[in-house]
Amino acid sequence: MLLKCAAVLGSPSPFAQCVVFGWCLSSRELWAASQGPCVLCSDHYLLSGQLDMEGALTARDRVGIQDFVLLDETTEAAFLTNLKKRFSKDLIYTYVGTLIVSVNPYKELDIYNKKQMDTYMGVNFFELPPHIYALADNAYHTMLTEFNNHFILISGESGAGKTEASKKILQYYAVSCPSTTLLNTVRDKMLMSNPVLEAFGNAKTLKNDNSSRFGKYMDIQFNSEGDAVGGHILNYLLEKSRVVHQNHGERNFHIFYQLVEGGADDLLRQLGLERDVQHYNYLTQVCGECAIVSSINDRNDWKTVKNALQVINFDEINTNHLFGIVASVLHLGNIQFDSDSKGHLSMFEIQLWCCLTVKVLTPFTIDHAIYARDALAKAIYGQTFTWLVNRINESMENKDPSRKTVIGLLDIYGFEVFYVNSFEQFCINYCNEKLQQLFIQLTLKAEQDEYEAENIEWEPVQFFNNKIICDLVEEKHRGIISILDEECLRPGDATDLTFLERLEDKMGNHPHFVTHKLADKMTRKTLERGDFRLLHYAGEVTYCVVGFLDKNNDLLYRNIKDVATHFKSSLLKLTEILMAKEAWYIRCLKSNESKQPGQFDEALIRHQVKYLGLMEHLRVRRAGFAYRRKFDVFLKRYKPLCPATWPHWRGEPADGVEVLVQHLGYLPHEYKMGRTKIFIRHPRTLYATEDAYEKCKHELATRLQAKYKGYRAKGEFKKQKEAATKIETCWRGVQARKEKEKRAWAVKVIKKFIKGYMTRGQAKTTDNSEYLAFVRQSYLNRLKEKLPKTVLDKTTWLTPPVVLQETSEILRKLHYRLMVRKYVRGITPQKKAQLQLKATASSIFKGQKDSYPQSVAQPFVDTRISEQEVNMRVLQMIRNEHIKYSVPVIKYDRNGFKPRPRQLILTQTAAYVIEEAKIKQRVLYTSLKGISVSNLTDDIIVFHITCEDPKQKGDLVMQCNHLFEFLTKLSVIIEIQAGKESAVDFTTGQEPMVYKAKNGHLMVVS
């Protein structure tokens, strides 16, 4: 939710840049808001305590002042600098009091959506950043409050955005006003009148692809409830000459191209048209290539116009007649003339023109015919446009006789200065002179009325009074328009140059009029002989008189009032209408001539600022006092700066303001106290006050936040405490009830358990059946968790209760059988062979030799010596015998028992003792009487060999580190059984050793 400064510390700021809590990163606009979205771009503000407070004090340097009245200096340079700062941040609107300056950005900005409209509805004019919606909303609410009439004057040169501004205001009223089916129909007609009038009254010019070539004043009628109930349009000075002639690079009115490009084939066939604009002289006479413009889609615009005509109640017959007249103008432009030998028209062509023009002069030349043709085309189009506006007015007319208030929209051409300026520019610039005169009068009057109402002495304002220029143009019998009319009606050969001569005779001494003849030597160089120059309020403009008489005689042979006089009369009536209304102003500026976004052409802007009279308006607004606010609003905002007024002032607001400004140190000449408002003379005084408020506001905001957070936290704590107490009470009750039920259940169970225990030895009855079932289940559950993990675990089986002893035994056997089965199924062939060898070893050595238990865990290998480690010569000698096992041993000599490292190789038939490449001894298994080992931990082995020949070697004594493996492998080959003790003595000692004993035996210490 948007939290405005007014809701926290006081009223809205006179300039949003100096009241912010935050800084919007996207729109670059500062805002009197807490955390929340920016009203311009919907982005969030950057809030970071002290950093933002300091940022607010320097914001004016970053994005400029949003009200030019508050500039320190009212110079043109300061004005342009401020405008450029804001334009660089896409802030295209800036105030001059209640006037809005709008700079065309030439790109789409997301500041015209429904959300923006809602934001500006019913908000104080200076409370939000400048926006066209703020002006439209304040004009609307002022009209409702005071029940009077208002108008909004939108001015600026072609391409500055006047038409778009008018559309935005209409769209705002269409959305913001109350809504019913009837009212929506009226709004639709007002909105849809725009594309129709643009099609018939707008054209591409050198400066604008959709330039309004007529002036439009629209009254929007409201009833007492603020509902838009009707509308009325006045049009001024349609540029009819464009129908028959366009400057190079420009186009005719849009409707011609839309009809040719977008019309249905049947319609074109009915109207006798072809789908090619190159076939029509009025569309291609100067520049055929200009007919097609990339930024204009004539086909889509045609669809829009057709739809709009339906909305404003044009039936099919009238629509077809309207397009038929448009087509007739195109056909007129294609009419060609031939002359006879004297240069006159042929009789057939004279008869044709007799039908068309009724009145024919003889002799009739080709020039006369072309002139009459073009005059007829212009007259037809002009009357059609007037008829079209009248039909739109009939469609929007409200016939309720009750009193209504109106808001007028005046979208009128701005001051125009071209390289060549003709009759149209003369009329347009005269119109702007009159509006400038009205503008100054109304602004001064509003200022004087406010000063008078507040009893503040009015100080005369120095400004340029352009009445002298208006009189130069419009004065009876002496003004330029009167002289032009006289010259058009004068008998004889009146030409543009005779008109110029009459001007020189009548106003040769006028300070704002100069021609080539009247100018000094230096000025004469800048003027052609057919030019005259007027010094307008906006600057000098040179007009070329060529075509003035023809364009003023825009008729078929002078049967109606001249154009300039008619325009002057219309303008005087418009002035009377506007003088009776409250005025609001929008000044539109072009940022550059090339229509490029982001470009700020300072020279072009300066020129527009000058001819729009913005500096004049600023000086009028700044005359005397730059800032004024009601006492209660001023006090509400700045009361924190004075201890006597903070936090509440109990007296009259005027007295509180007086106390406040005295505390702030205002000097007597810096302010005045009116009846309901305080007037501050200089912006710097207000800036000093605002900056002091910014410094104070941060501390106040912190204190307010702390108080508010404490209040919220305290309230939240109380709520949580109450909720916790209720929850605890309910929870305790639930728990107590559950505990009661649990205890009652427990008593029953315990009683039943005890009774069952007491009768457990008896036959199964109702009393002990549940107990016995419980005993069984309990035992089985415990047994499930503590089952033996291995077959060797014979001691951890749970002792069963009496009733389950038999069951327990069955389960135990089943479980061990299951474990044995799982173990057996998991044995691999390699492991099976290993176990078989271990079983053999066990049958031989278990309980017979002390070191056997340590050997059980050590796996047996296939051999301890690979064939690669056996000498090749030895392998050759025993190649016919298959090697079963090889192991390194230490052989002890029979004489002295000296140890000798040897390799012992077991084959299928014999054991070989190898020393490197020699077979030291071959022991056939058939000659082996027995093998002896001790029952101690030594590794001594004795082979007992049968000696049939005394030369044969006797028993073989060896030491083998793999005794059990070696003997087990040998037992697989031959059968080994326990026998007698040998002549080897064994004993125990501290260190293992082998030596010859005194008795001649081999002594083995283990």
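Even glycines carry a Cβ here, placed using N, Cα and C.
The model shown is predicted, which means the values in this text are computed figures rather than measured ones.
Among the features that TrEMBL reports, ATP binding site is placed at GLY156, GLU157, SER158, GLY159, ALA160, GLY161, LYS162, THR163.
Sequence annotations record features per position, and here TrEMBL assigns domain 'Myosin motor' to 63-694.
Sequence annotations record features per position, and here TrEMBL assigns domain 'TH1' to 849-1006.
The region 'Actin-binding' feature in TrEMBL is assigned to 571-593. Counting only same-chain residues 6+ beyond the ends of the region 'Actin-binding' (571-593), those with a CB under 8 A from a CB of the stretch are 83, 87, 98-106, 132, 135, 138-139, 142-143, 148-157, 159-162, 165, 207, 217, 234, 236, 406, 408, 410, 414, 430-431, 434, 438-439, 442-443, 446, 599-601, 604-605, 608-609, 612, 614, 617.
LYS162 (ATP binding site) is surrounded by 27 other CB atoms, counting those within 10 A of its CB over all protein chains shown.
Note on GLY159 (ATP binding site): other Cβ atoms within 10 Å of its Cβ, all shown chains, come to 23. Long-range C-beta contacts of GLU157 (ATP binding site), restricted to its own chain and to partners at least six residues apart, with a cutoff below 8 Å, comprise LYS207, TYR413, GLY414, PHE415, GLU416, LYS590, GLN608. Annotated ATP site GLY156, GLU157, SER158, GLY159, ALA160, GLY161, LYS162, THR163; additional same-chain residues within 8 Å of its Cβ mean position, judged by their own Cβ, are ASN104, ASN208, SER211, GLY414, CYS588, LYS590. For the region 'Actin-binding' (571-593), DSSP puts the residue distribution at 9 helix, 9 strand, 5 coil.
Note: SER158 (ATP binding site) has non-local neighbours THR205, LYS207, ASN208, SER211, SER212, TYR413, GLY414, GLU416, i.e. same-chain residues 6+ apart with C-beta under 8 A of its own C-beta. Close to ALA160 (ATP binding site) in the fold, though at least 6 residues off in sequence, lie SER102, ASN104, GLY414, CYS588, LEU589, LYS590, GLN608, each with a CB less than 8 Å from its CB.
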